[in-house]
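**Student:** Just dropping this structure here.
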Amino acid sequence: MSRLHPRSAVVRIARAALQGGFFGFFGGSLGSGMFDFPWFAVPGLAALGAVVFSGYALARYLRFQYELDGDTLTVESGVFARQSRQIPLGRVQNLDVEQNILNRLLGLAIVRFETAGGSATEATLDAVDEAEVERLRNYVRTHDRDEAAGTAAATSDAVAGTESGRSAHADLPGATGPSSGHAGDAQADTDRGASHTDSGRGPDGSLLFAFDQRELLTYALVSVRPAAPVLTLASLPLGMDVVWAVLRFNAGLVGASLNGPVVRWLLGSPETSRLAVFAALSIAQFLLLALVVSMALTVIEYHGFRLTQADGDLRYERGLLRRYSGNIPLEKVQSVTIRENVLMRRFGYATLAVETAGYSGGNQQSTQGVAVPLAPREEVYELARDIEPFGDLDFDRSPKRARRRYLARFSLAAAGLTGVAYAVDSLVLETGYWWLAALLFLPVAPAAHLRWRHRGYDLSESVLATRSGFWRRTTRIVPYYRLQTVFVTRSPFQRRRDLATVGADTASSTSLLGGVARVFDIDEDTATELRNTLRERLRVDIAARRSGERSVETVERVGETDERAGETDEPAGGANERTDEPDEWSGEA
Amino acid sequence: MESLHPRVRLLWVLSTVIQASVLGVIAYLVDRFAVSLPQTVIIAGWVVLVLLGVAHAIAAHRIWRFDLQDDALFLLRGVVTRTDTSVPYVRVQHVDTTRGPVERAIGLASVVVYTAGTRGADITIPGLRPERATELRERLRDLANESEATDAV
């Protein structure tokens with residue numbers, strides 16, 4: 001069993017002593033004020049607080065022990081309530097490493113192990129030194145392959161076979177194919193040599209993607225964060241003086257004065273055009289500020305982004321102030337998502353996200369599971385295919401009557417808003433301009449068309465691909481063997497037009513953000529058929545994986561291209577269906 | 001396709017009555033201590049809610065179906081938005097039978113099927129006789145075992 005790094009103990013004890021000291025100081029001051037404590041109460045209690053708190057921190061440090069042994073991570077923790085936890089390494093979904101500024105100065109890092117169950121991180125080592133991080137990383141990464149070493153010989157030809165089948169990019173993961181044949185010894189080396197720091201440059205890793213400064217700025221510009229305006233607005237009160245100065249300057253520009261009661265000026269001003277210019281100017285400045293904030297956040301988050309692949313694992317690094325890095329085992333990937341917002345589509349860029357059943361990406365909101373923040377579209381697709389082999393996607397659209405449904409829905413929304421505007425205007429404002437809201441009807445038809453045009457699905461050989469969204473188009477790639485439940489929903493409005501939505505659930509954690517792959521508004525009968533097909537393919541693919549491919553799966557995921565190609569040649573019933581069906585689908589749509 | 005025990009309607013109506021009564025009590029308290037509400041409105045609201053609940057319960061029972069198919073548990077439900085859910089046996093993580101207080105009072109039980117998925121990670125089949133619930137749980141367990149899979153996650 002080993003302990004966390006002593007330097008981290010020093011940091012924690014110092015922090016605890018400070019907290020305890022303050023606590024005692026305030027308690028003592030309060031006591032002297034209210035109950036006439038003697039004069040030495042304040043320093044005495046402060047000292048006592050510091051001693052107790054730092055003692056507890058020391059005890060916690062001493063109690064916290066961890067060990068990697070065989071295929072288990074054991075963690076002992078807790079001073080009063082003691083806990084002993086064992087995590088089978090085969091169940092580890094991601095391994096994430098975080099370094100804040102203090103830890104970077106001290107050469108320490110926080111390591112988090114994520115498994116599928118539970119809502120919180122399963123094991124947090126806060127903190128260990130960098131060499132230890134590398135040792136843990138390599139241990140977890142190689143553990144699976146060591147297990148499979150016995151079967152490696154049998155699978156090596158399968159792996160070698162993939163190489164010939166994958167001519168496109170020899171520098172990409174395909175290149176790691178042959179090395180996994182003798183994975184056992186290659187890994188053993190890195191395992192012992194704990195100082196093997198940057199696996200990206202090591203013999204067993206290849207750089208997939210990195211940002212230079214310009215690309216980073218491009219990314220920051222095109223990936224506008226919806227949260228940025230809110231954040232900016234919330235932090236405006238911090239610089240109220242500056243805000244007022246700017247507003248006064250704006251008012252001066254349009255020839256008004258902000259001195260005196262502002263509200264009266266705003267409401268009572270007869271000069272609507274001046275007011276409009278003033279408002280427009282201020283809003284434009286605000287949006288510009290929000291954009292700068294958004295870009296700054298993105299730059300801080302993604303500075304120095306690198307994505308490498310060391311056989312069977314994706315590894316990312318990023319962050320300007322806090323450094324994040326982590327490993328995502330390819331065999332744990334549940335689904336792959338490609339996102340392109342309007343701007344990115346315009347310039348041919350896309351974002352790739354990889355979802356596992358654990359958390360990943362260090363922080364759990366915006367960046368969850370992002371594998372490639374921004375790259376040219378073709379590169380993103382190429383990488384996605386390396387992670388989860390799929391062919392060219394040919395999306396089937398929903399029937400035309402789905403577009404009529406969107407038209408009806410948007411018209412209803414526009415009518416509703418116009419009604420509200422009319423009500424508000426006639427009851428409260430009395431400007432007589434309520435009909436301006438009717439302009440909302442103008443974008444209804446294009447919006448309905450765009451929504452319809454960007455929705456679609458494709459049943460390809462081994463994956464289900466779905467796509468939707470105009471502003472932010474999301475393409476989800478779900479391998480059949482990762483399906484969990486399949487559901488078909490029909491709202492009353494869909495039933496009127498014989499439409500249905502098919503959802504394909506996986507175990508990926510990002511699904512909490514609405515990430516279930518959905519095929520929207522397809523014909524009722526097609527939906528039923530799609531459901532049955534998905535179930536059938538789940539069954540067939542699982543059966544195929546179980547019969548003999550297990551070893552390949554653990555050795556090298558890339559082997560799958562081959563496997564699946566082989567499957568279709570077999571005269572099995574399931575395989576035949578597979579090739580026939582897509583035509584059937586497109587014929588119907 | 002198997003439908004639910006008819007008494008499940010009673011279960012649903014009872015839970016609507018309980019919910020409507022809780023709302024009624026809240027309305028009464030609001031009336032008593034804050035804004036005054038006309039009593040007739042409170043009573044009418046309660047009656048409307050309960051009637052809606054009854055209609056919903058009848059419709060829901062008529063629609064609810066489940067079936068143990070070859071490869072998956074299949075459920076059909078939903079009064080407004082109709083949903084059918086297929087839960088492949090391979091994906092079943094564990095199965096529970098549960099009996100809440102109201103269920104116990106009218107002699108029914110539910111089976112809850114858990115998957116590792118995110119949407120619909122737990123799927124409930126309500127309104128079963130307790131024996132049937134136990135039987136179903138064991139059947140599902142056996143089916144899940146038979147179709148032992150490669151790692152789900």
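Here the Cβ of each residue, glycine as well, is placed from N, Cα and C on the backbone.
TrEMBL: automatically predicted annotations, no manual curation.
Heads up, here are the entries from TrEMBL:
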- A:149-162: compositional bias 'Low complexity' (COMPBIAS)
- A:189-201: compositional bias 'Basic and acidic residues' (COMPBIAS)
- A:547-567: compositional bias 'Basic and acidic residues' (COMPBIAS)
- A:580-589: compositional bias 'Acidic residues' (COMPBIAS)
- A:61-139: domain 'YdbS-like PH' (DOMAIN)
- A:302-385: domain 'YdbS-like PH' (DOMAIN)
- A:452-534: domain 'YdbS-like PH' (DOMAIN)
- A:142-201: region 'Disordered' (REGION)
- A:547-589: region 'Disordered' (REGION)
- A:12-31: transmembrane segment (TRANSMEM)
- A:37-59: transmembrane segment (TRANSMEM)
- A:275-300: transmembrane segment (TRANSMEM)
- A:406-427: transmembrane segment (TRANSMEM)
- A:433-452: transmembrane segment (TRANSMEM)
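Set these features in their place in the structure for me.
**Tutor:** Counting residue by residue with DSSP, the domain 'YdbS-like PH' (A:302-385) contains 19 helix, 39 strand, 26 coil.
The helix, strand and coil residue counts that DSSP assigns across the domain 'YdbS-like PH' (A:452-534) are 26 helix, 36 strand, 21 coil.
Among residues of the same chain six or more beyond the transmembrane segment (A:12-31), those with a C-beta under 8 A of the stretch's C-beta atoms are 37, 41-54, 56-58, 60-61.
Below 8 angstroms of C-beta separation, residues 9, 12-25, 27-29, 31, 79 of the same chain, each at least six residues beyond the ends of the transmembrane segment (A:37-59), sit close to that stretch.
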**Student:** Could you give the number of helix, strand and coil residues in the domain 'YdbS-like PH' (A:61-139) as assigned by DSSP?
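**Tutor:** Tallied per class, the domain 'YdbS-like PH' (A:61-139) gives 22 helix, 40 strand, 17 coil.
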**Student:** Express the predicted model's confidence over the domain 'YdbS-like PH' (A:452-534) as a mean pLDDT, rounded to an integer.
**Tutor:** 87
